[in-house]
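TrEMBL has this to say about the protein:
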DOMAIN    6-153  domain 'Lactate/malate dehydrogenase N-terminal'
BINDING   G12, A13, A14, G15, Q16, I17, G18, D43, N106, V130, A131, N132  NAD(+) binding site
BINDING   R93, R99, N132, R163  substrate binding site
DOMAIN    157-325  domain 'Lactate/malate dehydrogenase C-terminal'
ACT_SITE  H188  active site, proton acceptor
Amino acid sequence: MAKDPVRVLVTGAAGQIGYALVPMIARGVMLGPDQPIILHMLDIPPAAEALNGVKMELVDAAFPLLKGVVATTDVVEACKGVNIAIMVGGFPRKEGMERKDVMSKNVSIYKSQASALEEHAAKDLKVLVVANPANTNALILKEFAPSIPEKNITCLTRLDHNRALGQIAERLGAQVSSVKNVIIWGNHSSTQYPDVSHAVVATEHGEEPVTKLVGDDAWLRGDFISTVQQRGAAIIKARKLSSALSAASSACDHIRDWVLGTPKGTWVSMGVYSDGSYDVPPGLIYSYPVTCENGNWSIVQGLSVDDFSRKKLVATADELTEEKAMAYSCISS
């Protein structure tokens, strides 16, 4: 029996990430090869013509799973009945702008979109915020959409998670699919902490710790961390554009695992609403290791955190606390 279509909203759909993301969704990369999709695409009025071009390309690609396309600059029309919202659109930081200026612009954008989602989206809505500052944009959205359960609002740190997997696989000359259980703690920023202290690699002798196989603590605590933290900047330097393909792919990974579940014995990194686990202040959107089952995520509990890691967890939490205060000052001003 054919499944009912799932309505998926992508904001900023005419941009670089959106352009890479919508064909992946339409092809079944995100929700599987048997799940029909109706795509809702939203962008700002100056991008309306480009957005219509993306719609034409989706029609021309003749994706069998794609049962309809809504391309609009109207936030209410875009949000009607959507089951999944991927918030790619946001105000980017431009040269000469202070962080507070960017925060103020994004508070305005996310306030409007949160209200429309709360009023017009499906009751089972799941939200993934991609636009930076992703953690704090997700928190703003939560504030302005109080009826959406906090468990249903997340932000993207899967890109950082996948970057960490890729770095370890390259270092060891291993298949990336053999590496699992890295962790991204904290903010999707340069303070994030890529942690491999619990990660393992599947070898012919069974699963072995990454720390043992790499055998170089100086690299793991130095260049590995900084490479993952600064990967986005390195890609901008190389492409003269920010990450698009990898961001789109990791957004699909995030939603797929959230909806369809994580493999047994494997966790992934998601920015989720902190309940105080690992002594992180409650009320932040903070990246944790999570497992997913039946459409719900759960923070992995009981992992050991050494002194080196504890300092990293605190530093990125401090930055998020500062961002939260800045966002709330923009809301009240």
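Cβ atoms here come from the backbone N, Cα and C positions, even for glycine.
Because TrEMBL annotations are produced automatically, they should be read as predictions rather than curated entries.
With G12, A13, A14, G15, Q16, I17, G18, D43, N106, V130, A131, N132 listed as the residues that bind NAD(+), the site has a largest C-alpha separation of 19 Å.
Each residue contributes its Cα atom, and for A131 (NAD(+) binding site) and the residue listed as 'active site, proton acceptor' those atoms are 10 Å apart.
As a summary of secondary structure, the domain 'Lactate/malate dehydrogenase N-terminal' (6-153) carries 70 helix, 28 strand, 50 coil according to DSSP.
Local packing around the binding-site residues A14, A131 was summarised as the count of other Cβ atoms within 10 Å of each Cβ; on this measure the leading residue is A14. Ranked by Cα separation from Q16 (NAD(+) binding site), the recorded positions N132, R163, H188 are led by N132. N132 (substrate binding site) has its Cα within 10 Å of the Cα of none of the binding-site residues G12, A14, G18. Taking the C-alpha positions, the distance from A14 (NAD(+) binding site) to R163 (substrate binding site) comes to 25 Å. Cα-Cα distance from H188 (active site, proton acceptor) to R163 (substrate binding site): 12 Å (rounded to the nearest whole number).
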